[in-house]
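What Swiss-Prot says about this one:
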type	residues	note
BINDING	40, 41, 42, 43, 44, 45, 46, 47	ATP binding site
DOMAIN	8-212	domain 'ABC transporter'
């Protein structure tokens, strides 16, 4: 899909969910600075593919390489280069957004100070919810807590995002699109699913799973 040397390479992937084969023979390469959008109807395996590319799920067949090395050989090192945000962020309902964000960063080994976390949460639209317990947040607000990690300048080369624009207003969509574009401009890689159009600096390459479905 990209002609320059790939950072992420996958060959002949197959995905089985229950007794249903979602896709097979799926190959892709993503070069430094590229953004890849995974498209396709619901039920075609978009989230499953993201989890496979992150090493969080095993493919039925095929191989994934990061910078030329199979991720299966050293998942721990691979995960240190990865920032994955699923569609349902795991939050502790007893903690505030700020506490949840700081906990997530610490768990991932990222050293981020409190002021930076506050700034990120304000930027994503949670200024009025900083001190509220997560249990009272809406689903959209819960997602924003997870997305705030993208505004912290964390040095992770590969960002994998499942529907990051859901429940964001137009200003937040534009701000997030700029952040993703900036990450790619700095040589990072973004792989995402989204049903929304976003004002990216460069339109992403699209992989449509309906074209490779089993």
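We number each residue from 1, going along the chain as drawn.
Each Cβ is built from the backbone N, Cα and C atoms, and glycine gets one as well.
If you draw a 10 Å sphere around the CB of residue 45 (ATP binding site), it holds 25 other CB atoms from the protein chains shown. Taking every protein chain shown into account, 40, 41, 43 are the binding-site residues, and of these the Cβ with the most other Cβ atoms within 10 Å belongs to 40.
The average pLDDT for the domain 'ABC transporter' (8-212) in the predicted structure is 93. Neighbours of the ATP site: apart from 40, 41, 42, 43, 44, 45, 46, 47, residues of the same chain with C-beta atoms within 8 angstroms of the site's C-beta centroid are 22, 48, 209. Listed in sequence order, 86, 87, 162, 193 are the same-chain residues at least 6 apart in sequence whose CB falls under 8 Å from the CB of residue 47 (ATP binding site).
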